[in-house]
Amino acid sequence: MTDETWGQVCNELQKAVGQNNYTTWIAPLELIDLEDGIASFQAPTKFMCDWVSRNFAEPILSELRRAGISAERVDISVPARRPMNGTANGATRPAVPAPAPAPAAAAKLRRTPRPDEPLPGAPLDSRFTFDSFVVGKPNELAHAAAKRVAEGGPVTFNPLFLYGGVGLGKTHLMHAIAHDLQHQRPDLRVLYLSAEQFMYRFVQALREKQIMDFKEMFRSIDVLMVDDVQFIAGKDSTQEEFFHTFNALVDQGKQIVISADRAPGEIKDLEERIKSRLSCGLVVDLHPTDYELRLGILQTKTEAYKVQYPDLQIAPGVLEFVAHRITSNVRILEGALTRLFAYASLIGREITMDLAQECLKDQLRQSERKVTVEEIQRKVAEHYNVRLSDLVGPKRLRAIARPRQVAMFLAKSLTTRSLPDIGRRFGGRDHTTIMHGIRKIEELRGTDSQLAEDIELLRRLLES
Ligand SMILES: Nc1ncnc2c1ncn2[C@@H]1O[C@H](COP(=O)(O)OP(=O)(O)OP(=O)(O)O)[C@@H](O)[C@H]1O
């Protein structure tokens, strides 16, 4: 392949993967060879080699093919280094030594990274923008805080700590911040990476004796975003380095955004000093989705699908049904919608309620509540600070009777147990007593907002 053809392939790749990804991941590659359908490249580091192989091999192959080059496989390696003490720990060596890079390339690979070089973070998902993020009660604070950071103005809270369960939009918001900053403040050096990648790069820098480069690179960043920070818990030297990086950046007034699956204080095996540093800024919880947010997300994504499948009709009530029944997280909700559209387009039928039930039966079964009456009793007793034995016992004091009725109400609405069955689990009460308890709560819920809140909170706790 001529340099000119490779240049054209690069131009196309730039369009396909985006400027940022291209500069960070593709530009540093050195094309070494193209033989027997194998396109061989060298990458400056092992990390880069793994990342590009995993994420960019496909686009490279398809652009090569579009340029008329028959390529079956992309092979990326790092330049062979002379082992310091025999072979590296059990590492297998390639059967054929990797070709030596051209002198210019070798010089490039050994050069110490300078602060003005592109940052080796993780690629950003172009779909994760503020425009595509649906805002509702459970995520409005997180969204507002992320928007503030994305303006790139003076740092008002540091760090911004976003936490919440799986698939609730933490990564989406972080990518959205990075996209906006790239657009509005191209002068800022923004780095997004997962805590796992932070560790990987740190360990690699230690191994390659490039720890000063590592420190210098991380301290040159204006906005650092680290996803899933719980990953570094229990990893002592990574935590130590993270702590120093964090402090150095905060001292320089640089913005930090962190995400985790739980609040800083609740991350097990994370050093106390890190917990307290992480709690210093704004800590925001992404709550589990509620019905309105799920419906909003489904409606927004359906609009996009209608462009893709203009002939498909969706019957009234289907989105409401899905929003009602699939409550686990947004990733699963999105998966259900994708499946629905793909299925309907394959069989060429309107998306009706029947079709949705048929097509999503596995997802619906999985999300069926499996909460037990005993669990409900335990949680209610905890919440109202009464003894479990009292909750199911005979005492008639209001302070116990009311929580008992709440537990009966939740048992009826969250399980499939019959009234006599529930009665048996409440100390052998008659089914009419259970019915009376449920009615009482239904009635009070309309007038007593505290009670309504308690029930909503308990329901969420039990369903999460
Ligand atoms: N409010 C929202 N509006 C639109 N899409 C959303 C919203 N919340 C989440 N999503 C989508 O749900 C999927 C999962 O979100 P994301 O990857 O950000 O979750 P996460 O909180 O980082 O979870 P994890 O901890 O598992 O990585 C993504 O496709 C994302 O675009």
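Just so it is clear, glycine is given a Cβ too, placed from its N, Cα and C backbone atoms.
Since the structure is predicted, the reported quantities are computational estimates derived from the model, not experimental observations.
The region 'Domain I, interacts with DnaA modulators' feature in TrEMBL is assigned to 1-99.
The feature region 'Disordered' is assigned by TrEMBL to 81-121.
Taken from TrEMBL, the feature domain 'AAA+ ATPase' applies to 156-289. The average pLDDT for the domain 'AAA+ ATPase' (156-289) in the predicted structure is 93.
According to TrEMBL, the ATP binding site annotation covers G167, G169, K170, T171. Taking all protein chains in view, 18 other C-beta atoms sit within 10 angstroms of the C-beta of G167 (ATP binding site).
For 345-464, the entry in TrEMBL reads region 'Domain IV, binds dsDNA'.
The feature domain 'Chromosomal replication initiator DnaA C-terminal' is assigned by TrEMBL to 372-441.
Highlighted in sequence order, G164, V166, L168, H172, L173, S259, L286, V330, R331 have their Cβ within 8 Å of the centre of the Cβ atoms of G167, G169, K170, T171, the residues recorded for ATP, and are not part of that set.
For T171 (ATP binding site), the same-chain residues 6+ apart in sequence whose C-beta sits under 8 angstroms from its C-beta are D125, F128, D227, S259. In the three-state DSSP scheme, G169 (ATP binding site) is classed as coil. DSSP labels the residues of the domain 'AAA+ ATPase' (156-289) in these numbers: 67 helix, 26 strand, 41 coil.
Remark: G169 (ATP binding site) has F133, N139, A142, L286, V330 as non-local neighbours, by Cβ distance under 8 Å and separation of at least 6 in sequence.
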